[in-house]
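Participant: Please find one structure pasted underneath; my questions will follow.
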Amino acid sequence: MDHFLYHNGVLHAEDVPLSEIAEAVGTPFYCYSTATLTRHFRLFDEALAGMDHLVCYAMKAASNQAILKTLAALGAGMDVVSGGEYARAKAAGVPGERIVFSGVGKTRDEMRQALIGGIRQFNVESEPEMVALNAVALELGVRAPITIRVNPDVDAKTHAKIATGKSENKFGIPIARAREVYAQAAALPGLEVIGIDVHIGSQLTELAPFRLAYEKVAELTQVLRADGHDIRRLDLGGGLGIPYTRSNEAPPLPTEYGALIREVLGHLGCEIEIEPGRLIAGNAGILVARVIYVKSGEGRDFLILDAAMNDLIRPAMYDAHHDIVPLVEAAPGVEQQPYDVVGPVCESGDTFAKGRMLPPLAEGDLVAFRSAGAYGAVMSSEYNTRPLVPEVLVHGRDFAVIRSRPTFDEMINRDTIPEWL
Ligand code: LLP
């Protein structure tokens, strides 16, 4: 459930008509709902109630400071994957002890930054990374708390570009070699081995792959404890999928996911961490765009919008589906017609949808892409020198611009001219 609903025929974000924001901010823009972010975070938090746990929001999904502050105020930890994300989490007031550092290619500078600024744990993904982190920690005279990410060789049954738990993927160490790698880690004085980490992919729409992976983690916990490791924390990654269409089957709910965790891992007495991103932010955000032209092509009509692939890359990159709805609700009984929905960027990949059934639309009309809150604004670029789309956060009847649209001069002035020119 989200808070983007029609009232009196106009799509609202909570209590604000989106047309009002469009007028104030211009299009395109991203808009997030505080109530939806809050609701989604709480669903996870409550699903793990009674277990020692921390929900670490995977901020790669949407990392605006205002979004981070909203979640941090609810008690969220953060899962970061770069020095930039670490700095963003700290700037939003998240204490180091609530930040976990994931990622397959952490640099020594990033390790230093997190060890100095404070860190809950590093999720280490390889032996060379272990060696580097050990060296950095010793140099600073500290011990780095770590889990090791294991690759359970489980098929997440999701899009190939976002599956991470198969042996052919670059992530984690093969679970079959875990005992050997944990023994190596335990011998490094700059590291403190505290747990196990696993993440098998994103947009999972079934619980079965989670169950398979978590059963392997449960077994490994016992084996590693028998080897003498003090395994006391399990980081179970993110990945729970969201409904991208109103009609399709609903993916499992956080409550069902929480029940699975309790069932498979609850008896181990470990602290549980999860790293959801998409489910918290995805349906808490939309992208609003305006129709520039309706162009009649050979046997098809193109709806040319002022948003493009640089603003929302998911359809071009993953063939992702985003529901598109008019801001002004069509009158009952109006017949829908097929449109190819495209942006102004100069390549055919700049296509959001083909043959999408929509009520008749005209120049100047406003539309919204639903489910665009996760991996939307964060993956945008200035391709074609198109300014990054502003972000707006709604809270009841209030709204605020939380990232403004850069001017052309601001974009151009980031370039510098060498002295020979
Ligand atoms: N933890 C780790 C280690 C991850 O790699 C990811 C996502 C998450 C947590 C959060 O997963 P989520 O709960 O959001 O599924 N750009 C793609 C998604 C990439 C996901 C990358 N890793 C998309 O637009 O679909």
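Including glycine, each Cβ sits where the backbone N, Cα and C put it.
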Participant: In TrEMBL, the pyridoxal 5'-phosphate site includes GLY239, GLU275, PRO276, GLY277, ARG278. Which of TYR86, TYR375, TYR383 does it also list there?
Facilitator: TYR375
Participant: Minimum Cβ neighbour count within 10 Å among the binding-site residues GLY239, GLY277: which residue?
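Facilitator: Each of the binding-site residues GLY239, GLY277 was scored by Cβ atoms within 10 Å; lowest is GLY277.
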Participant: Identify, in sequence order, the residues in the chain of TYR318 (substrate binding site) that are 6 or more apart from it along the sequence and have a CB within less than 8 Å of its CB; answer 'none' if there are none.
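Facilitator: Non-local contacts for TYR318 (substrate binding site): HIS159, LYS161, ILE162.
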Participant: If you run the three-state DSSP split on ARG314 (substrate binding site), which class comes out?
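Facilitator: Assignment for ARG314 (substrate binding site) reads helix.
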Participant: Grab the substrate binding residues from the record (ARG278, ARG314, TYR318, GLU347, TYR375) and give me their largest CA-CA distance in Å.
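Facilitator: 28 Å is the greatest Cα spacing among the residues binding substrate.
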Participant: Anything from the recorded positions GLY239, ARG314, CYS346 with its Cβ under 6 A from ligand 1? List those in sequence order.
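Facilitator: Checked recorded positions vs ligand 1; flagged GLY239, ARG314.
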Participant: Do me a favour and check the Cα-Cα span between GLU275 (pyridoxal 5'-phosphate binding site) and LYS60 (N6-(pyridoxal phosphate)lysine); whole Å is fine.
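Facilitator: GLU275 (pyridoxal 5'-phosphate binding site) to LYS60 (N6-(pyridoxal phosphate)lysine), Cα-Cα distance: 11 Å.
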